[in-house]
Amino acid sequence: MLKLFSAFRKDKIWDFDGGIHPPEMKTQSNGTPLRQVPLAPRFVIPLKQHIGAEGELCVSVGDRVLRGQALTRGRGRMLPVHAPTSGTVIAIAPHSTAHPSALAELSVIIDADGEDRWIEREGWSDYRAHSREALIERIHQYGVAGLGGAGFPTGVKLQGGGDKITTLIINAAECEPYITADDRLMQDCAAQIVEGIRILAHILQPREVLIGIEDNKPQAISMLRAVLADAHDISLRVIPTKYPSGGAKQLTQILTGKQVPHGGRSSDIGVLMQNVGTAYAVKRAVVDGEPITERVVTLTGEAVSRPGNVWARLGTPVRHLLNDAGFCPSADQMVIMGGPLMGFTLPWLDVPVVKITNCLLAPSVAEMGAPQEEKSCIRCSACADACPADLLPQQLYWFSKGQQHDKATAHHIADCIECGACAWVCPSNIPLVQYFRQEKAEINAIRLEEKRAAEAKARFEARQARLEREKAARLARHKSAAVQPAAKDQDAIAAALARVKEKQAQATQPVVIQAGSQPDNSAVIAAREARKAQARAKQAAHPMADSAIPGDDPSKAAVEAAIARAKARKQEQQAGSEPVEAVDPRKAAVEAAIARAKARKQEQQTGSEPAEPIDPRKAAVEAAIARAKARKQEQQTGSEPAEPIDPRKAAVEAAIARAKARKQEQQAGSEPAEPADPRKAAVAAAIARVQAKKAAQQQVVNED
């Protein structure tokens with residue numbers, strides 16, 4: 001009795017809510033064996049035939065390829081695609097693909113050479129001798145993807161299962177009307193399918209392996225039972241025919257009684273599902289060493305004269321397959337890729353066959369019926385009763401039309417499997433699946449944009465944080481350098497302070513002039529020569545400055561007066577005039593004032609900075625030079641004394657010179673002269689006294 005209950009519990013199946021029973025229409029194509037189709041002259045192989053990114057190209061235009069040669073490299077979810085036959089790559093360009101929008105995707109276009117030569121194939125007949133990782137990598141690199149319609153990379157799916165998979169389910173339900181590709185494959189290749197299932201079981205190591213098949217496929221059931229007669233590791237479960245029992249979540253619930261949670265995956269409850277076509281492709285990749293280059297495609301509908309299932313090479317144009325099946329198009333003929341409920345209408349027939357293409361339906365006008373006008377929703381809830389995912393299609397319809405994305409997401413629109421059961425039962429002929437597809441696409445686009453914005457924000461915040469860290473580190477370095485200067489900086493500071501103190505000491509040192517001594521004026525002379533050179537350079541740089549000198553220059557007048565006096569004295573000496581009186585001190589003072597005025601005016605004209613105060617030692621040197629010149633002039637002109645100079649006349653000339661100097665300073669807008677230095681006055685007085693004494697002595701000598 002216990003064994004009886006165990007057997008009953010072991011073979012128990014469950015049911016799911018909703019579902020419909022549309023006309024099956026499978027007998028048109030499942031009665032004839034699989035057949036080969038002649039090679040097309042040209043193949044179009046899209047680089048993306050799966051869920052995920054397209055692979056990296058590894059061929060170029062003009063390359064010759066063999067059947068099974070990789071056209072792209074697969075990394076991660078980037079599944080590679082392979083050449084369906086031997087030939088030459090004539091173009092790599094966008095081409096319309098198998099998609100409801102008929103968007104153009106990058107494709108490799110190959111002209112077949114008709115030889116259909118394979119690459120060198122290396123099969124692993126003893127696959128158990130290889131590791132799990134090696135088997136998964138081989139399956140991935142040979143381009144195996146889910147052939148049931150989703151197109152998810154099989155290697156990635158097996159890798160993600162890991163050790164948490166307890167049940168492996170092989171989906172053989174094929175519940176949609178018209179499609180018989182899996183049915184015919186199980187009838188003709190049951191042994192190869194079972195071998196592929198065992199390879200998958202070897203990789204996953206589940207506790208049980210279940211094959212779910214609907215009871216409307218008696219021939220396929222018989223073939224599988226014959227192959228599994230002596231097998232105890234694989235169980236065959238026959239389930240009632242009901243659409244959409246072939247859905248992943250629905251078949252999982254039927255065979256295990258477990259429901260996949262909202263937003264979750266079947267692996268969350270320890271279940272992994274593969275299609276029978278995928279199991280066959282796994283066997284060919286591992287045991288035979290053949291990448292996936294072809295698949296079974298159902299050609300059916302009343303518009304074709306020879307319906308059936310064919311081995312179609314990937315990249316073959318749809319037009320080529322339909323013509324081989326005797327396609328007789330009508331005026332408004334449509335061609336559907338997929339089934340009547342989940343398929344989509346092709347915009348033209350140059351679309352290529354891809355890995356997820358399982359059926360090409362060419363119905364007649366009578367078969368499809370007259371087009372129905374879309375009407376308003378009457379809230380009958382028939383769609384909710386038929387929904388196998390326990391959703392509320394009528395609410396999702398309103399949310400989709402109103403662009404209420406948040407509410408549509410809250411009502412689990414992502415769980416919609418787009419089976420079309422709701423649209424099938426809708427009395428208002430509302431294409432609900434089209435609304436749901438568009439809404440899900442918009443939600444995905446919004447999420448993608450939000451993800452990109454979040455990534456951009458993260459990058460910006462990371463950059464700001466990095467800049468703040470660099471700024472803080474820079475300030476810390478500057479602060480540390482200011483608090484603790486380097487040794488060489490301290491030495492430089494000490495040297496600068498020493499120079500400043502030395503200059504201050506020199507400035508405060510009094511000037512002492514000893515009678516009869518000759519001071520060392522070499523430094524002063526060198527500085528004066530440097531200033532003269534600087535003044536000459538400035539005059540050369542500003543040649544126009546000389547032209548601005550007014551005609552009544554006091555210094556010029558003084559020079560002319562001095563020249564005139566010298567000429568007069570020379571004339572008197574030649575004529576034998578009276579002896580020259582002693583040099584008047586006031587005249588010497590006048591000459592010194594004139595010299596200072598000339599220096600200030602020269603500095604104003606050249607735009608230089610104000611002159612430094614006159615050094616007493618400099619005045620002494622100039623006086624000594626003047627005396628030497630006077631003595632030399634007297635020696636040259638003879639011993640006769642010159643006519644004495646009138647003191648009042650010299651005073652008047654000095655006053656006139658001072659008045660002209662002050663007037664010139666006012667006209668030029670210069671700053672007032674600095675007050676006379678007491679030391680300078682003392683020096684000038686001493687010089688005058690010395691000159692007077694010397695003149696008196698000279699006069700006495702002349703009289704003697």
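Backbone N, Cα and C atoms are what each Cβ position is placed from, and that goes for glycine too.
According to Swiss-Prot, the domain '4Fe-4S ferredoxin-type 1' annotation covers 368-397. Averaged over the domain '4Fe-4S ferredoxin-type 1' (368-397), the predicted model has a pLDDT of 91.
DSSP assigns CYS426 ([4Fe-4S] cluster 1 binding site) to coil in the three-state reduction, outside any helix or strand. Summarising the annotation, Swiss-Prot assigns [4Fe-4S] cluster 1 binding site to CYS377, CYS380, CYS383, CYS426.
Taken from Swiss-Prot, the feature [4Fe-4S] cluster 2 binding site applies to CYS387, CYS416, CYS419, CYS422, supported by sequence analysis. Under the three-state DSSP scheme, CYS419 ([4Fe-4S] cluster 2 binding site) falls in the coil class. A simple way to gauge crowding: the CB of CYS419 ([4Fe-4S] cluster 2 binding site) has 26 other CB atoms within 10 angstroms, across all the protein chains here.
Listed as Cβ neighbours of the domain '4Fe-4S ferredoxin-type 2' (407-436) (distance under 8 Å, sequence separation of 6 or more from its ends, same chain) are residues 18-20, 22, 243-244, 247, 249, 262-263, 341-342, 372-378, 380, 382-389, 391-393, 395-397, 399-401, 443. The feature domain '4Fe-4S ferredoxin-type 2' is assigned by Swiss-Prot to 407-436.
The region 'Disordered' annotation in Swiss-Prot covers 535-684.
According to Swiss-Prot, the feature compositional bias 'Low complexity' maps to 556-565.
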Which of the binding-site residues CYS387, CYS416, CYS419 has its Cα nearest to the Cα of CYS426 ([4Fe-4S] cluster 1 binding site)? CYS387
Among the binding-site residues CYS416, CYS419, CYS422, whose Cα is within 10 A of the Cα of CYS383 ([4Fe-4S] cluster 1 binding site)? CYS422
So which one is it: of the binding-site residues CYS377, CYS380, CYS426, which has the fewest other Cβ atoms within 10 Å? CYS380
I'd like to know which of the binding-site residues CYS387, CYS416, CYS422 has the most other Cβ atoms within 10 Å of its Cβ. CYS422
As a whole number of Å, the Cα atom of CYS380 ([4Fe-4S] cluster 1 binding site) is distant from the Cα atom of CYS416 ([4Fe-4S] cluster 2 binding site) by 20
